[in-house]
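**Q** According to TrEMBL, the domain 'Prepilin type IV endopeptidase peptidase' annotation covers 31-141. Taken from TrEMBL, the feature transmembrane segment covers 20-40, 52-71, 77-97, 109-125, 131-147, 154-172.
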Amino acid sequence: MLAILGEWTTAAKSGWDVVGLAALIASVLAYLYFGLRLAWIDARTHLLPNRLMFPWAKWAASLLVVAGLAHGAPDRVFGALAGGVVLFGGYLLLHLVQRNGMGMGDVKLAFVLGLYLGFVSWWHVLWGTLLAFVLGSLFALGGMIAGKMGRKSAIPFGPFMIVGALVALTIGR
């Protein structure tokens, strides 16, 4: 995402390019605002409230669609929507298979993060998802080694999803 921001900043020649760049910057600001708030709330309460999830989903989808279309990159719009749907479906499957595992908040969060990751590339979808599970596993392992958690302990997965996606979005193209 940072690479795209840099590329679009230097390539902005027309009014539509500027609109696309402004929408992309706004989408990044929305990620930081909603992502940090939701990570904090989930870490404390194990909940990802709809009062924040739904507005974020609407803002992210709208801004990324405007960014892609205004900049003449409909493939990025398709990637964003496909990334959101694929991650939503994958996390929904995990939720249905193991009811005490992923919550529906994580499933909805996966859709939003999939929008951002898919906007960049399928590799980013893969890396963002993988990083979330690695970070969550390391946290759980550390808690078990410290004797503060057991195999059945619930962990808030949202912060790991948000951080994993953020790391993936800041690296590469």
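Here the Cβ of each residue, glycine as well, is placed from N, Cα and C on the backbone.
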**Q** If you average the pLDDT over the domain 'Prepilin type IV endopeptidase peptidase' (31-141), what number do you get?
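**A** Averaged over the domain 'Prepilin type IV endopeptidase peptidase' (31-141), per-residue pLDDT gives 96.
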**Q** Just give the helix, strand and coil counts over the domain 'Prepilin type IV endopeptidase peptidase' (31-141), going by DSSP.
**A** 97 helix, 0 strand, 14 coil
**Q** Where else in the chain does the transmembrane segment (52-71) make close Cβ contacts, counting only residues six or more beyond its ends and a cut-off under 8 Å?
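**A** Contacts with the transmembrane segment (52-71): 8, 16-17, 19-21, 23-24, 26-27, 30-31, 34-35, 37-38, 41, 77, 80-81, 84, 105, 108-109, 111-112, 115-116, 119.
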